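Q: Sending over a structure as structure tokens; questions will come in a sec.
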Amino acid sequence: MQYFFEFLGLMAVISIFIVVPGADFAVILRQSIVHGRRAAMMTGLGMGFSLLFHISYTILGLGLIVSKSLMLFAVIKWAGVAYLVYLGIKSFREPGFKVNEIEVTDEDRKPISALKCLGTGFITNALNPKPVLFFLSLFSTLVHHDTPALIQFSYGIGMATALVAWFAGVSTFFTVKPIRDRFIASGKWFNRITGAALVGFGFRLALARAAD
């Protein structure tokens, strides 16, 4: 029963964590509108793999090393800042959608490989050191130190699955035709707003600090 209640506690917290809009949400939104549902879902899957990556090294004790190493934390942080700013500027500079793009289907939309989508999702999430602090705090608070690593890893699989499921729902919602059409109708303003949001999240990440 101990493991069951630990899992419930972790899932309750992660459910709140994943629905709060952030850089991941902005990337999924943009992928949904520009590249379609499948691309957005693959991006979300990449974020799920990244979340499992964060949890895995936390369980192995490497998260504590990252959180205490100012240099390592800074390298990861500034790489993440650079990537988010790059995505933001790239989005901001793109032109508006063409009118006939409103009618395209997933099959006809601008092609993008599944591997690239996975990579975008993974890198966006992985180059953010804040989950290091979050999962260190979460596991040290809610998980007993005697809980086997394999059980803890299964918790991580459940949490990553929840993240992927959430972004699958977000992808589905924003690719419903009437909703997507509204975003496309906004043309270049959609690109500018999402671009500015990503740059803003990059600047916010720049303010993150390692654990004392």
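Please read every residue number as a count from 1 along the shown chain.
Just so it is clear, glycine is given a Cβ too, placed from its N, Cα and C backbone atoms.
Okay, these came from TrEMBL:
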TRANSMEM  6-29  transmembrane segment
TRANSMEM  41-64  transmembrane segment
TRANSMEM  70-89  transmembrane segment
TRANSMEM  157-177  transmembrane segment
TRANSMEM  189-207  transmembrane segment
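Give me the lay of the land around each of these features.
A: Among residues of the same chain six or more beyond the transmembrane segment (6-29), those with a C-beta under 8 A of the stretch's C-beta atoms are 40, 43-44, 47, 84, 87, 120-121, 124-125, 128, 134, 138, 142-144, 147, 155, 158-159, 162-163, 166-167, 170-171, 174, 194, 197-198, 201-202, 205.
Distant neighbours of the transmembrane segment (41-64): 24, 27-28, 31, 114, 117-126, 131-132, 135-136, 139, 149, 152-153, 155-157, 159-161, 163-164, 166-168, 170-171; these residues of the same chain sit at least 6 beyond its ends, with a Cβ under 8 Å from one of its Cβ atoms.
Taking Cβ pairs closer than 8 Å, the transmembrane segment (70-89) reaches residues 23, 27, 123-124, 127-129, 132, 194-203, 205-206, 208, 210 in its own chain, all 6 or more past its ends.
Sequence-distant neighbours of the transmembrane segment (157-177) (same chain, 6+ residues past either end, Cβ-Cβ under 8 Å): 7, 10-11, 14-15, 18-19, 24-25, 28-29, 31-33, 36-37, 40-41, 43-45, 47-49, 51-52, 55, 106, 183.
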Q: Who are the chain neighbours of the transmembrane segment (189-207) in space, where the CB to CB distance is under 8 Å and they lie at least 6 residues beyond its ends?
A: 22-23, 26-27, 29-30, 33, 77-78, 80-85, 87-97, 128, 130, 183
